[in-house]
Structures are given as C-alpha cells and as structure tokens.
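Engineer: Okay, so TrEMBL annotates it like this:
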- 1-295: domain 'K+ potassium transporter integral membrane' (DOMAIN)
- 6-24: transmembrane segment (TRANSMEM)
- 79-99: transmembrane segment (TRANSMEM)
- 119-146: transmembrane segment (TRANSMEM)
- 176-194: transmembrane segment (TRANSMEM)
- 200-223: transmembrane segment (TRANSMEM)
- 230-251: transmembrane segment (TRANSMEM)
- 257-274: transmembrane segment (TRANSMEM)
- 308-410: domain 'K+ potassium transporter C-terminal' (DOMAIN)
Amino acid sequence: MFAPIVIIWLVSIFSIGLYNIIFWNPKIVRAISPYYIIKFFRETGKDGWFSLGGILLSVTGTEAMFADLGHFTALSIRLAFAFVVYPCLVVQYMGQAAFLSRNPQKVLNSFYDSIPGPVFWPIFVIATLATIVGSQAIITATFSLIKQCHALGCFPRVKVVHTSKHIRGQIYIPEINWILMILTLAITIGFRSTTLIGNAYGLACITVMFITTFLMALVVTFVWQKSVLLAAMFLVFFWFSEGVYLSSALMKVPQGGWVPLVLSVIFMLVMYIWHYGTRKKYNFDLHNKVSLKWLLGLGPSLGIVRVPGIGLIYSELATGVPAIFSHFVTNLPAFHKVLVFVCVKSVPVPYVSPEERFLIGRVCPRPYRMYRCIVRYGYKDIQRDDGDFEDQLIQSIAEFIQMEAGDAQFCSSESSSYDGRLAVISSRTIQSSSSLIVTEREDCDGIESIQSSKSLMLQSLRSAYPDDENPGVRRRHVRFEVAASPGMDTGVREELMDLIEAKEAGVAYI
C-alpha cells in the first residue's frame, strides 16, 4: 500500500499547489529567480539568516522517501526525485506562497488553510497515511543501519528477525523498535510543540547532510579515484551552502535542537564502548592462544576420549586455537571426534558470493581431525546457522580434504605450519567434486500424526502454516556417502568416512 499512498499524496499536493497558483497569484512563478532571495536577505538581514533554520524544514522529510537506499537502484532514485518528488514539492510551496500573498494572516497554518474546502478531509486522511509511510521508512532504515553497525562490530548484539523468506534485507529488530517508540513518545510529551520538534529535526537533518558531504568527498577521492582538487571543490561548494543553514540551525539548540545532539552522544558512547570492549576481548584471545606444540604433545586423542560427532567451536580468531579450548581439554572427560573452529567474519562489502563464502584449513595433522572454517558474510547478507549451513560446511571440508591430498604444496609443508593455511572452497567446486555422493530426502513422518490427530487446534495450526514453514511437519535430510573411487588414497577415504560418521552422529554448537 505504501507506493500508492505516496503517489496519491504527491499528486494531491501538486494539484492543490497548481490550483492555488492559478487562483490566487499566477505571478508567483517569478519567485524561481534568485533575485528575490538576494532581496530578501538584503531587507531582513540577521532575521533572514535566522529564519533559514525554518526554511530548512521545507526539504527535510524528502529523504524519508529514500531511507532504504539499499533497496533501490541509483537510477530509480534519480528518476523518482527529478520527475515526481521535486516538481510536486516546488509547485506545492509555490502554491502556498501564492495563497499567503493574498492571505498573509493565515501564515501559521498555511498548508491546511490553502486546501479548498470540498477536498479538505480527503487530503487530511491521505496526509495522515503519508506521515505513517514516512515514519515507517525511517524505522526500517534504522533497522538496516543497526544491522550494518553490528556487522562492522560497532553495536551490541540485538535480535534480528527476517520478515521475508524471499526478499533480502527486510528485517525487524524488537529492541530498537521499542527504543524508537519510547523516544518518540518522550519527545512528543516533553516538547508539546511542533516548533521545538521542528528545531530538533532541522538540526539533525542539516548535520547529517554536512557530514555526508564530507564523506562523499572521501568517496570521490578514494573510491572514484578522482583528483583531490575536484573533491576539494565539491566540498567547498556544498559545505558553503550547507554551512549557512547549519549555522542558523545551531542557533536553535536551546529551543529543542539539543535533543539530537544528546541522543547522538549517547549512541556514540554505546557504540564506542562496545567496539572498545570487543577489540580488548579479541586482543586477549589473540595473545593467549593455545600453543600448537602443546596440542601436538597431547597426541591425536588430545588426552581424552574422542566420541562420535562434530563440535563447531565458535571463535573470533581467524588463526590459532582460542584459550578456552585448553579448558575443554583439561576439564572434560570426552570431546567430539571431529572439531571445527568456526570464525564468522563480516567484511565491509554488501554481499559475499557463495563461491567465496568458505575458507577451510587444517589446525593439526590429519589424525587429529581438527579443522578451521572462516565464514565470510557481507553486511547485508543473511547469516544462518541451520541444516543448510551444516551441510555446506561438511561438503566444504570434504572438498578441502580431497584437494589437500592432491596438492603437493600442502603435503610437503611441515606440521608446525598447519595452522594458518586456508583454501577458498567454492560451491561450484563442491558440485563438480566426486569425493562425496549427496542424496536428499524429506521426512514426512510428522504429517500423519497431525492429520490423524483429533485436536482441532493442531489441525487449524497445520492449515494456518504451510508445510515448509513448520519444522514439525517436514524436514529436509541430506545424506553423504563416499564415492567408490579406486584411485582415492586410503587415508583420504578414512578421513572422509570419519567426517560422514561424525555428521550422522550429530552437530554441536559450542
């Protein structure tokens, strides 16, 4: 419903603006000339400069239409703004100016007063709906920003709910939603004035523009590889115009403008403290890694009983064994036969292709059955630790085992250099591999029990939720078998068999 609402809203304000121009003062079109703004400042002086903070509000709000920038192409944004949003806004404001030139006493509520009586209530309804759409765009944009900050290690972990199975990036964060609601109500109840709220909003928007211009100059220089002179010209030109507005908006800090500054400081402190603590934790793990010589001294059994199963040990370390592993070995009587140290890394790109997702390596010599897997995600990728992830991981490790056996460089290396050598295992390579035979089947055992159940509640639940979304109804199972290849090395076959047996025994997340 969002797109039709916004389109109806834009067409409505365009029509009203055009009507007011024709009815009240057609000569208002001359206001496009820059002569009148020069005349305005010459006559008003300091008061005119001070009013720029209010004039700024005529452009704030348009950015809400493009809050989810990552969901649209640059071309679609340019077309929408140049041919729809911008003309509608200009004509509407021109219409208000034409109305006020004949009715100056109605300046306090010029928009609604300029609406012709017969269409007032329909416009009022569509305005309310458009406000909801605008606020929703800001809310979803906040979710996206928080998720990206978290991926870059700059925000505490929050629950991210993916609301669509088919469309990327549609997420919901309950904690952030509650915070936004509380802050919105607090500001509304605390200020009780649209003027004060407008001052806060205007300062927030112009500050964002000011900072974005600086960041854009960096993009021009380092991403587009243009000359520093061009970036400096860009910066000076836009900073001059934005700086005039910013200086006016800063005068409104005592009248409500302090709110975005206080919120910015609070969130910056939260982000800085989280990033600082995360780095300290990572550095501790980095400098207290388990010695590879100590692990080799324990032998393949690690001095404990190795039971069937796969243990996925999560760590921030891309190399080395985390210090916590020594506590497992010295305090637990048994551990899994196959161990995989999993390191999830968020890289500063939007998406990582499946072909570059997994980096697989070996931690100790082959008899230890210890591997390392670095899983790379972009900050817009959906991270899932489900059955598909496990199956892809097993296939990647199996492909690595076979590739390692046929690679003279891997085989000739000394055991002391095992940790740190990684190989990219792509999904294309896995599909062309002959080391494993992969068979899939769907377990439908749960369907009969639900269908035969006399419980109306269970039957209604089954009808309400499709089978593929109900884990109790249908499950996808993947079975692995070692291909019958006469030329396969005995050690490789034995390692693959151990891997498959461990997968069948179960996977534990540690």
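Heads up, the Cβ atoms here are built off N, Cα and C, so glycines get one too.
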Engineer: Go through 6-24, 79-99, 176-194, 200-223 and flag the stretch with the largest number of C-beta pairs under 8 Å relative to the transmembrane segment (230-251).
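Structural biologist: Per the Cβ count, the answer is 200-223.
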Engineer: With contact taken as 3 or more Cβ pairs under 8 angstroms (pairs 6 or more apart in sequence), are the transmembrane segment (119-146) and the transmembrane segment (257-274) in contact?
Structural biologist: no
Engineer: Which one of these stretches, 6-24, 176-194, 257-274, has the most C-beta pairs shorter than 8 Å to the transmembrane segment (200-223)?
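Structural biologist: Answer, by Cβ pair count: 257-274.
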Engineer: Mean pLDDT, the domain 'K+ potassium transporter C-terminal' (308-410)?
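Structural biologist: Result for the domain 'K+ potassium transporter C-terminal' (308-410): average pLDDT 84.
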Engineer: Just give the helix, strand and coil counts over the domain 'K+ potassium transporter C-terminal' (308-410), going by DSSP.
Structural biologist: 36 helix, 36 strand, 31 coil
